[in-house]
Amino acid sequence: MSSKTVSLATYLFIRLRQLGVGAMQKGVPGGFFLLALDQMKSTGLRWVGNCNELNAGYAADGYARIKGISALFTQYGVGELSALNAVAGSYAEFSPVVHMVGCPSRKTYQTEGIVQHSLGDGNLRVHAGIWKNYTVAQAALIEPRTATDLVDKTLQTCVQESRPVYLEIPSDMITLQVQKDSLANLLRVFPPANDPKREDQVIDTILNQMYASKQPYILVDGLAAPDQIIDEINEFSRVTGFPTMSYTFGGGIVDGSLLNYHGVYAGKFGKLDFTSYTDTADLALLFSPFLTNVNTQGYTSIPPKDITICFHRKAIEIGDKESHFLHVKSFLRKLLQKIDISRLPNPAKASSIPKIRDVQKSLPPPDLSAPIDQDTFYLRLSSYFRPKDVIVCANATPLPGGRDFVLPPKTTLINSPIWLSIGHMLPAAQGISLAQRELKTGGRTILLEGDGSFQVSAQELSTIIKHKLDVCIFLINNDGYTYERMIHGAEEDYNDIARWNYLLAPEMMGAPRKGEGDYKVETYDVGTWGDLMPVLESASFGDGKGLKIVNVRMDRMDMASRFKPALKAQGDLLRAIPVE
């Protein structure tokens, strides 16, 4: 071994560390990559050890949403396919996960042996073939001369595209010695500069439309986070003063303390109705849109294309005719420098647009004897949040409920706009909390989980406990799949779930008993406002330390009232007789 070389695994791990990865998500250690795990500690990477590969993939997704990249190591065949659902979700929702797979040796590939975790037909590359559909780049590290270049290019693509990549690592390549001199240079992950002349032309066009408009507004979506333009969007909203709203996926992107921020735009299905303004607007400035049926309430809250300027990661679209391939971050910085505030419109109707913070302020004190309800739970819970918190909404009733949050500045809201995999968010919260710890943000990880979702991936509670992570869980216990009940089969047993005693889960999964150990675990059972309010006001509960679980009992048919028509419409569509 030369001082000028390192093993291929070490090279890969050092590159991951340089990009900001501090921990490796993984389920069961696999025989094809055990030697790689021996080399992690020397590079500073830590091993998480999830309960299974699916949950590890979910955790990697959560970690990546906070740190901008994450790493997942799975075993050939059985492990990688278990993680497929999670990685597909990361691909769909632009979460950059590096998925490494420990594979049989190159010799085994060449002889087409019948080996464990294969299909027994000698086709050992069959698993690798599926990943082209779910990752933005794939690389088989089988050639010593090109292995490090492939690693570098694949990792660059992961960051630049903000999507998962796939690395196939044969077991005999793990300890292969490779030159390490290129490690002295960090990977270039920033986009190339825009053409200044073209940039200026597009900026002038946009500014002229802004100055000429009478009733403009800003609409922000969640891809602003992977697009890395959160600061630019907030500055744009502050400088222009235009009425600003967000889609559900974009909650938390805009500073909720800005006077011109109104809340989540959900068309006719939101707690607030902005349509009296938006329906007569003449300019919509749409940032990082992800216009899925879920995010736009069945496409009912998408502005007309002819009045819309869309700011995408790599393109600016003006109306329904012009599309310009420009990188958005540097473009917005230049646009901000050229805005003439004196020429901006001050729409008279803006003062009549309702604001979610005003709705929160107008809430009367709760009837302490009344049951906790979906319509006001999320508004009241908002007072518990603090700057730098990360709030995670499960793919259940918390997803539409979270639209009613009033969020402090520098708060991050995590939800799913398209993949909507049940069980996603508990493991994601584990990854998020780990990322928060590494970044030392001081913020808390707060998960709003459904009872059905919890039952899918509950074992990751043990990973949270094992690593003594700080996570607060509000478990919405409404006796089954309320979301689905609203669509179809309200009283059918397929929408029922087993009735768990959720508050016993921490002890079963290794948490110390009360008063024992140095990891604080608190559990609460609440069903009325009189139960919940003292918990929220407790200093111990609010300190963000340790694991906290609140079993929030709600009625099985309770749902945010403004969202019920949307679910009813889904049910009506489902039951409609097809036209022959």
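Each position is counted from 1, following the chain as shown.
From the backbone N, Cα and C atoms, a Cβ is placed for every residue, glycine too.
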Quiz item: Which residue of Asp451, Asp518 does TrEMBL report at the same Mg(2+) site as Asn478, Gly480?
Solution: Asp451
Quiz prompt | Assigned element (helix, strand, coil) containing Gly480 (Mg(2+) binding site), judged by DSSP | solution = coil
Quiz item: Across all chains shown, how many C-beta atoms besides its own are within 10 angstroms of the C-beta of Asn478 (Mg(2+) binding site)?
Solution: 23
Self-check item: Output field, Mg(2+) shell: CB within 8 Å of site CB centroid, site Asp451, Asn478, Gly480 dropped
Solution: Gly450, Gly452, Ile476, Asn477, Asp479, Tyr481, Thr482, Ile497, Met554, Arg556
Quiz prompt | the domain 'Thiamine pyrophosphate enzyme central' (203-338), counted residue by residue under DSSP: helix, strand, coil | solution = 48 helix, 27 strand, 61 coil
Quiz item: If you count Cβ atoms within 10 Å of the Cβ of Gly480 (Mg(2+) binding site), leaving out that atom itself, what do you get?
Solution: 20
